[in-house]
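Engineer: Here it is: the structure, laid out below.
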Amino acid sequence: MAVAGAVSGEPLVHWCTQQLRKTFGLDVSEEIIQYVLSIESAEEIREYVTDLLQGNEGKKGQFIEELITKWQKNDQELISDPLQQCFKKDEILDGQKSGDHLKRGRKKGRNRQEVPAFTEPDTTAEVKTPFDLAKAQENSNSVKKKTKFVNLYTREGQDRLAVLLPGRHPCDCLGQKHKLINNCLICGRIVCEQEGSGPCLFCGTLVCTHEEQDILQRDSNKSQKLLKKLMSGVENSGKVDISTKDLLPHQELRIKSGLEKAIKHKDKLLEFDRTSIRRTQVIDDESDYFASDSNQWLSKLERETLQKREEELRELRHASRLSKKVTIDFAGRKILEEENSLAEYHSRLDETIQAIANGTLNQPLTKLDRSSEEPLGVLVNPNMYQSPPQWVDHTGAASQKKAFRSSGFGLEFNSFQHQLRIQDQEFQEGFDGGWCLSVHQPWASLLVRGIKRVEGRSWYTPHRGRLWIAATAKKPSPQEVSELQATYRLLRGKDVEFPNDYPSGCLLGCVDLIDCLSQKQFKEQFPDISQESDSPFVFICKNPQEMVVKFPIKGNPKIWKLDSKIHQGAKKGLMKQNKAV
């Protein structure tokens, strides 16, 4: 039948090949066309050719329909041909004879009679496509054994899908696909048969089955061999138990601190678990509205503190107008009403809420926090513009006692205040509060370069330490620059290197403000540089540092505070300045 079909279908095969090559530009061999024509269903032919042509629009659809029409016509001619029917009958008879030979061979095998039988050579069909290969394999398997189908959703089907690789490999099946070995007692990892018994792949702790654990507990030669076998890969894995390592002091301290925090957190969770019913109890629609103490993670002390603070603010807000204080100034003809303290409260953070957030509510107050219990005197603050202190000669004890008695405070308070005024030089160099002073050019650049050693002002400042220098927006004239350079050449010498440019409206660098002296004190203590300034008050500056990149900035009068971001960037851009002389 195959030979006759091939002979009768040769024109159709030739026609299909020519159409595919000329019309559609597909270089298709005749074997593929013969395979297409050997398909028994017209729908399968239409689907196959549609995939081959990648669509059925226009000429493609006409070619497919014409091919199916010619295929059906050719198939009818083959059926009507009596020669083909004879071929079919011969094939059926040959199949029956081969079956009878197989049955006879089995019977002879049972009776243990070895009779030589004629075996026809296997006629394997020509494999041209993957479909033919699958069909040939299916035919060969059907002769050998019966196919058994397994449901993939059953236990047996899941076992067939699971693949067990040789050796120990990480697996995340959690004992669902492979057999369970055990759980790691340190990290809790579920170890399956794929990972196998041995060191945990996460923490390195030994994990084995119950049978192996029983053998290890016997402490015999067999247990020693088993332990050596199980722990043989711990060196290669690079994971060793933490308890066996020698820790450095800072590592041990860090582990202890972490353990203490973990224990505190555990106690906190247990405490909240015990009191969860009382804390999560809802009264009416209380949870629908905001309340400061509604957070379930607050302790009893924090909750009571918040409730007390809320009552104070409510009384302050809804206080009677009769208790409001009004000041009548007859001399200035003004009526001053006391400001609402709520405005000040909303302009800053609440100390109670901030203490709860930082976890410092239960800590005792430090010495600086107890401002209401004992007076600390006047602390150094650049924002406090007070009268400058008078020069006191410490050699004369009588005058010192007289000055102490003349003051309104006691001797003990004055001595305590005097101690607060003492500032350590190392502390001044290490502390940088970001305070800045605006100076006109070209004096600002000379001050940052170290050529100008003092700065004169008409007001006193208690600030000591680092002081940033910002140039004002006013640009200097060339005449001012030349006159100032000539002056400092006379004061400092001819080998002074002056800056090439004098930028304005930017942050130049910083100096260390050592002292602020009056003109009289300045001439007494620094007679060699007294010619540089004749202002009422003189700032003594040392350690000048210039910035590599100047930041554009807008100045303010007197001493003012820099923006935090500009301050951080300025500290990173400082360079050490060489001395001018």
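All residue numbers here begin at 1 and follow the chain in the order shown.
The backbone N, Cα and C atoms fix where each Cβ goes, glycine too.
Copied straight from Swiss-Prot:
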type	residues	note
REGION	200-300	region 'Mediates interaction with DDRGK1'
MOD_RES	Ser276	phosphoserine
MOD_RES	Tyr289	phosphotyrosine
CROSSLNK	Lys324	UFM1 cross-link
CROSSLNK	Lys325	UFM1 cross-link
CROSSLNK	Lys334	UFM1 cross-link
MOD_RES	Ser341	phosphoserine
CROSSLNK	Lys367	UFM1 cross-link
DOMAIN	437-531	domain 'ASCH'
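How about a rundown of where these features are and what they're close to?
Structural biologist: For the region 'Mediates interaction with DDRGK1' (200-300), the model gives a mean pLDDT of 76.
For Lys324 (UFM1 cross-link), the same-chain residues 6+ apart in sequence whose C-beta sits under 8 angstroms from its C-beta are Glu337, Glu338. Taken residue by residue with DSSP, Lys324 (UFM1 cross-link) is part of neither helix nor strand, so it is coil.
A C-beta separation below 8 Å, combined with a sequence spacing of at least six in one chain, links Lys325 (UFM1 cross-link) to Glu337, Glu338.
Sequence-distant contacts (6 or more apart, same chain, Cβ under 8 Å) of Lys334 (UFM1 cross-link) comprise Ile328.
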Engineer: Going by DSSP, is Lys334 (UFM1 cross-link) part of a helix, a strand, or coil?
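Structural biologist: Its secondary structure by DSSP: strand.
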Engineer: Please classify the secondary structure at Ser276 (phosphoserine) using three-state DSSP.
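Structural biologist: Assignment for Ser276 (phosphoserine) reads helix.
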Engineer: Let me check the 10 A CB neighbour count of Ser276 (phosphoserine). How many other CB atoms are there?
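Structural biologist: The answer is 11 other Cβ atoms.
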Engineer: From the DSSP assignment alone, can you count helix, strand and coil residues within the domain 'ASCH' (437-531)?
Structural biologist: 34 helix, 27 strand, 34 coil
